[in-house]
Amino acid sequence: MLKLIIPTIMLLPLTWFSKKRMIWINTTTHSLIISTIPLLFFNQINNNLFSCSLPFSSDPLTTPLLMLTAWLLPLTIMASQRHLSNEPLSRKKLYLSMLISLQISLIMTFSATELIMFYIFFETTLIPTLAIITRWGNQPERLNAGTYFLFYTLVGSLPLLIALIYTHNTLGSLNILLLTLTTQELSNTWANNLMWLAYTMAFMVKMPLYGLHLWLPKAHVEAPIAGSMVLAAVLLKLGGYGMMRLTLILNPLTKHMAYPFLMLSLWGMIMTSSICLRQTDLKSLIAYPSVSHMALVVTAILIQTPWSFTGAIILMIAHGLTSSLLSCLANSNYERTHSRIMILSQGLQTLLPLMAFWWLLASLANLALPPTINLLGELSVLVTSFSWSNTTLLLTGFNMLITALYSLYMFTTTQWGSLTHHINSMKPSFTRENTLMFLHLSPILLLSLNPDIITGFTS
């Protein structure tokens, strides 16, 4: 694991010692090279000695998320260049340092073998994210968004710390492998039920589950482009990863406790999708589907079958790339029109035809059209939820219909129609932006050729 962690840490001195003209080139090229390192972890059988140590290790569940995290850093750096063009050099370097330190803490969170270490790095991701939102956001409401983000996450994760301390006192170890192999089955008592809630609540806030999701639209809307990309693509996946790791340890208690949360996630999925149909703010319309898609992931994880786990992992990777792509497209609109209101940026297809092509592909990926990897994830979750209960097909099917409606609504509102009067002149789409969209879309399409590499430890 050090062959991924050390090069990422070395990006920090590279950033601070780079000259003004070379800072973007250096950080982008080096982070792109680093993003290829997790490819070595996909061959788990032969290379297991190289990707496993006492504090850090990778397995088929961790590796796709590590790959997503590493792949996203060069994309966030590329997307932020216009946003930071008027900032002094020291602030550019500080911004890049925040992104790199966030990547380091995410890599360590995903690869930690001790649960207390996992908790520490899980909380560490808050600090750079909060700094990015509150310092580099565009509107004054960013401070309110930062407060929501901080308090929801901290209050949700405090019971997790108490549960971890209790587990360590009773069992004497918090090693994930040891707990998976040695723990006895938990009986269905009040104390154990409370412990299950304490373990999972932090991750349900992070996912977020419907009802605990109020921080996400605020943080997503007020964050700068890199903050929105990382928040949607990777930070929400921390919740899914934590739930998948810990619900295996907490079996068979999960089967008893899952029903209310399954119902809440299925209901929340419909509600948040319906909210999207009434949105006028483009970034808000991109933020709310994250709650809807993550509700599907919560459903898949709580059903606790190998196929549902596979669907959850695929859906997390697919949603990470798609949501990040939509955030980039919304940012490209915002940089030209200086407004997030969709009606004020309508008719852009006539001015930016290539960008309209990216918008079409992103919208189709969002509604899980073949040959995207999103389709495979949604189908896996759909089939497993149907085998768990037939009535879920009505809810999930209705959700897919609403998803198609708001995806096409987003595309038609921003691209079609007559141009508004305040748009007199507009810069064309840059090569940097087109490259950024291509680097988002190519994994979504290419993974559908060989989805085995991200199906997790169930394959």
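Using the three backbone atoms N, Cα and C, a Cβ is placed for every residue, glycine included.
Noted in Swiss-Prot for the protein shown:
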TRANSMEM  22-42  transmembrane segment
TRANSMEM  60-80  transmembrane segment
TRANSMEM  94-112  transmembrane segment
TRANSMEM  113-133  transmembrane segment
TRANSMEM  145-165  transmembrane segment
TRANSMEM  196-216  transmembrane segment
TRANSMEM  224-244  transmembrane segment
TRANSMEM  257-277  transmembrane segment
TRANSMEM  284-303  transmembrane segment
TRANSMEM  308-330  transmembrane segment
TRANSMEM  351-371  transmembrane segment
TRANSMEM  391-411  transmembrane segment
TODO: Please figure out which one of 22-42, 145-165, 224-244, 351-371, 391-411 racks up the most CB pairs under 8 Å against the transmembrane segment (60-80).
DONE: 22-42
Task: Remote residues contacting the transmembrane segment (22-42) - C-beta distance under 8 A, at least 6 residues beyond either end - done: 3-4, 7-8, 11, 14-15, 50-51, 58, 62-63, 66-67, 70-71, 73-74, 77-78, 81, 89, 92-93, 96, 453
Open item on the list: Against the transmembrane segment (308-330), which of these stretches has the most C-beta pairs under 8 Å: 113-133, 196-216, 351-371, 391-411?
Closed with: 351-371
Task: Spatial neighbours of the transmembrane segment (284-303) far in sequence, C-beta under 8 Å, 6+ residues away - done: 204, 207-210, 213, 216-217, 220-221, 228, 232, 236, 239-240, 243-244, 247, 254, 258, 261-262, 265-266, 268-269, 272-273, 275-276, 309, 311-312, 315-316, 319, 323, 326-327, 330, 340, 342, 366, 378, 380-381, 384-385, 388, 392, 396, 399, 403, 406, 410
TODO: Would you confirm whether the transmembrane segment (224-244) and the transmembrane segment (391-411) meet the contact rule of 3 or more C-beta pairs below 8 angstroms, pairs 6 or more apart in sequence?
DONE: no
Open item on the list: Cβ under 8 Å, sequence separation of at least 6 from the ends of the transmembrane segment (94-112): give me the contacting residues as numbers and ranges.
Closed with: 1, 4-5, 8-9, 11-12, 15-16, 23, 27, 55-58, 62, 65-66, 69-70, 72-73, 76-77, 80, 84, 87, 118, 121-122, 124-125, 127-129, 131-132, 136, 226, 230, 234-235, 238, 241
